[in-house]
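So the structure is just underneath, and the comments pick up after that.
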Amino acid sequence: MLLLGLLLLTALAGARLLWNKWKYRSLHLPPLAPGFLHLLQPDLPIYLLGLTQKLGPVYRLRLGLQDVVVLNSKRTIEEALIRRWVDFAGRPQMPSYKLVSQHYQDLSLGDYSLLWKAHKKLTRSALLLGIRNSMEPLVEQLTQEFCERMRAQAGTPVAIQKEFSFLTCSVICCLTFGDKEDTLVHAFHDCVEDLMKSWEHWSIQVLDIVPFLRFFPNPGLRRLKQALENRDRIVEKQLRQHKDSMVAGQWRDMTDYMLQGMGKPKVEKGHGRLLEGHVHMSVVDLFIGGTETTATTLSWAVAFLLHHPEIQQRLQEELDCELGPGASGSRVPLKDPSRLPLLTATIAEVLRLRPVVPLALPHRTTRHSSILGYDIPEGTVVIPNLQGAHLDDTVWEQPHEFRPDRFLVPGASPRVLAFGCGARVCLGEPLARLELFVVLARLLHAFTLLPPTGPLPSLRPRSHCGINLTMQPFQVRLQPRGAVAPGPSQHQ
């Protein structure tokens, strides 16, 4: 049976390749990279950038039964996602996407349509209008509580990634459900962690490339389905509680706002309507997109500052000048980040070097289009290599070096693309930037970051085979400002 399946798969692949070659014979397509095992490269975004030396910034890769187009420069990414955004606003329909998104009722994974636009409008309104007044004070409050917990562990090695993860999960729980109770935060944190681990497993990645394999036994697929059942059970419980207790015309949090606003974004007749399932998946998007991503960026920032204590010292001097010396209660200047220019530049540099979703999520062309004179047929899967664009030495001077000062001169450096751009830009970008700004300001104002005994944390990402650019686990010691620093022997 297995042999028969493999023979059939080979025959289908050959037929598909011959059909595509005949179908697109008159088009000027991007050059095709030789080989078909590209996804096995340990540092995929850097590998894809390296292919530009021979192929240019736009080329094709063969993945399974289809070719995908890779965009490796800021110019090509912005041309596709901003200037020709309608052409490139689609999402490919892959087996794991269908499972994770409840049949594409999801903003991140759903295909472009009038219903998708209405869904996006509702979720964006909930973020920007429904909780606008509570977002900043909430992030400030939870960050202060986080710093107090860290003060209780002062001087001892702390697994800062895990602490950041619980902090960002608490923020999302409060904004989405109006609740930061530890049991709920831990339940959602563990749920998201389990889901992402299952989704990024190699067996699911292979399934997306060769969908035919879903007909064969797959323990990884079974684990993913179990993680999704657990996710949906937790979210549905919260939705029931909100429906039973909410008051019409009032909203306590984003869930209230979205449940009451489902019918407000008008969708043309015949294009469907927003249902509770769309609210369900908006909640899922907020947790997946707003927990580990922000926590990982904060962790990268700490790791870079451990390697560059001179930058940390300059940041603390800037914070002392603006907020006063020591861990004072002065408010972080959220309305005018330019008052902390080095902090703003440091965040931009971390996002440039380590965009958490380095290959974004794949796009799909909704109609025939073109990039740099190359034809891009309708239905083509397109991968924006965000990290590759950030490391392009024709755009950035010494692109692999951590140099926040490059962003201190207005207009001297391009805008980073870490949150994507165009119609598919991350809706949570304002919240993520707020958290990065407040947490790093408070953390560096209250503590000096010191390495534990032993080597500094690795700045090399883990081998990239999933969605997020993760880092090696590490620990940090948080020395309260003004306290006596440890001796030199402890700074090895």
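Cβ coordinates are placed from backbone N, Cα and C, and glycine is handled just like the others.
What Swiss-Prot says about this protein:
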- Arg91, Lys120, His363, Arg424, Cys426: heme b binding site (BINDING)
- Arg231: 17alpha-hydroxyprogesterone binding site (BINDING)
- Arg231: progesterone binding site (BINDING)
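Here the candidates are the binding-site residues His363, Arg424, Cys426. The one whose C-alpha lies nearest to that of the residue listed as '17alpha-hydroxyprogesterone binding site' is Cys426.
Around Arg91 (heme b binding site), the C-beta neighbours below 8 angstroms that are at least 6 residues distant in the chain are Tyr97, Tyr104, Leu109, Gly110, Asp111, Tyr112, Leu361, Pro362, His363, Arg364. Spanning the listed heme b site, residues Arg91, Lys120, His363, Arg424, Cys426 have a farthest Cα to Cα distance of 16 Å.
In the three-state DSSP scheme, His363 (heme b binding site) is classed as strand. Reduced to three states, the DSSP call for Arg424 (heme b binding site) is helix.
Annotation note: Arg91 (heme b binding site) sits in a coil segment as assigned by DSSP. Cβ-based neighbour count (10 Å, all protein chains) for His363 (heme b binding site) stands at 28.
Taking Cβ-Cβ distances under 8 Å and a sequence separation of 6 or more, the neighbours of Arg424 (heme b binding site) in its chain are Leu81, Ala89, Ala360, Leu361, His363.
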